[in-house]
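A.B. asks: Right, I'll just put the structure down here and ask away after.
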């Protein structure tokens, strides 16, 4: 069977959920026995989002091979349960970087380098490349941005050409649009969708399927109207209603018949999907019997997308433990000695995620101190681990001026320091310790109990590490170095003695958690938090 290509575009406004639509369709096709991969094209000129502010871009998702990518790749991996690579996220910056490099080498033999054919050919090559990896049956490609954006034009022209290259029978175009509801008149308005499709058709792309984001159900008459004006059957107009949980959306789109239409259009046969596991997952999530509160202490808390994978991983752990996880967003810049007790006294666990820069670090250190002293389950990820080490050094080991050299280059006790191989690097983009690395776990540790393995592989994104000059002192005071790199030069996991659950990790476990396979650390962190909550309730009742 030849590879099939599905392109997902968006219209009217951004943020409609193209990524979730693509991920959900991927899940539905995989449930039909097809081998699926998903790809995202981002029209911005940055080579990758690694140096972009979380306020502008949200989370940076890291793949096994060390690519810093769009957060939608996290959705893709969680929904289709496959590990993606650097080839699954392509930006305008990457495209132009590649073309200019080729031009400088003389690869174009003196020709004039133009958007068509050179840029469009480079884009198409990236599409075909993922289709050749892993014996893929279906490639789903999401085009970032909105139809009408000047930045998207080369990508739209490239996907138009794909139909000519591989045959129109092997391509499906899906357009995601907004059907707004006017509460005053009680009407759903289709005109924005009509104009968006008109714009897309003016570029040579006739959508096969239109997915309508809406807060109210679409009647058959309304679907037929959209179909009439957009030149498709009314049955191929799909409603995508607001949902309480992201994981309901594949089931809602299955009910609408999206995957069946795609299979019919691509001649993939009519195979009944096996959605048993997914249905059970959603059913469990809807019927959780317990609840708990986790404080997420960070500096980007105004934009929840900055910690998207962490939040999803907490939810995965909650579903596994039959507990609804309520997140208390705590701005680390505003956390002080004066409000520490008041802010954290009602939480069942504290999580300090990764980050960069000195803003808000003292608040994170205070959160680690509160967790240590009050026996509250503490989970430190990347910077969260480093701040736990700084707190321990200051308040347990007596190194009052301890700090990370990232924040205080003149600290007399830099218990966290720049990795040696990073010291001669001037460029910021793509130069950190990135991607999957092994870690050896000592047997007599909580980490070994949780992982049930002496060797694990986790994804990393950092420049700074535990300073080995302080190993002996800090371990003598009760810090456990539970996980090390195979060379034993890098500290990967720290724990505390005499604490119910206090673990810091240099890596990012949130990037490997899946709804059907929660990450072991998140599973056990939530277990410990649930245990603490219900023990406290029992003590109050006594």
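Glycine too: its Cβ is placed from the backbone N, Cα and C atoms.
Small disclaimer: the values here were computed from a predicted structure and weren't measured.
Quick paste from Swiss-Prot:
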ACT_SITE  382  active site, nucleophile
ACT_SITE  508  active site
ACT_SITE  510  active site
BINDING   14, 149, 150, 151, 189, 190, 191, 192, 193, 194, 225  CTP binding site
BINDING   14, 189, 190, 191, 192, 193, 194, 225  UTP binding site
BINDING   15, 16, 17, 18, 19, 20, 72  ATP binding site
BINDING   72, 142  Mg(2+) binding site
DOMAIN    293-535  domain 'Glutamine amidotransferase type-1'
REGION    1-268  region 'Amidoligase domain'
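Just tell me what is around each of these and how deep it sits.
C.D. replies: The Cβ of residue 382 (active site, nucleophile) has 353, 354, 355, 461, 462, 505, 506, 507, 508 as same-chain neighbours under 8 Å, each 6 or more residues away in sequence.
Mapped onto three states, the DSSP output places residue 508 (active site) in coil.
The Cβ of residue 510 (active site) lies under 8 Å from the Cβ of 309, 310, 312, 313, 353, 381, 519, 522, each of which sits 6+ residues away along the same chain.
Its Cβ placed at the centre, residue 225 (CTP binding site) has 17 other Cβ atoms within 10 Å.
In the three-state DSSP assignment, the secondary structure recorded for residue 225 (CTP binding site) is helix.
The Cβ neighbour count for residue 15 (ATP binding site), using a 10 Å radius and every protein chain shown, is 11. In the three-state DSSP scheme, residue 15 (ATP binding site) is classed as coil.
A C-beta separation below 8 Å, combined with a sequence spacing of at least six in one chain, links residue 142 (Mg(2+) binding site) to 8, 18, 19, 22, 38, 39, 40, 41, 72.
Residues belonging to the domain 'Glutamine amidotransferase type-1' (293-535) score a mean pLDDT of 95 in the model.
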A.B. asks: Cα distance, residue 189 (CTP binding site) to residue 20 (ATP binding site), nearest Å?
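C.D. replies: That separation, Cα to Cα, works out to 23 Å.
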A.B. asks: Spatially, and counting Cα to Cα, which of the binding-site residues is closest to residue 190 (UTP binding site)? Options: 14, 15, 16, 17, 225.
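C.D. replies: Closest by Cα distance to residue 190 (UTP binding site) among the binding-site residues 14, 15, 16, 17, 225: 225.
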A.B. asks: Write down the Cα-Cα distance for residue 15 (ATP binding site) and residue 191 (CTP binding site), rounded and given in Å.
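C.D. replies: About 19 Å separates the two Cα atoms.
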A.B. asks: If you count other CB atoms within 10 A of each CB, which of 16, 20, 150 wins among these binding-site residues?
C.D. replies: 20
A.B. asks: Would you mind ranking the binding-site residues 17, 19, 192 by how many other Cβ atoms sit within 10 Å of each Cβ and giving me the lowest?
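C.D. replies: Candidates: the binding-site residues 17, 19, 192. Fewest Cβ atoms within 10 Å: 192.
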A.B. asks: For residue 194 (UTP binding site), identify the closest of the binding-site residues 14, 15, 150, judging by Cα separation.
C.D. replies: 14
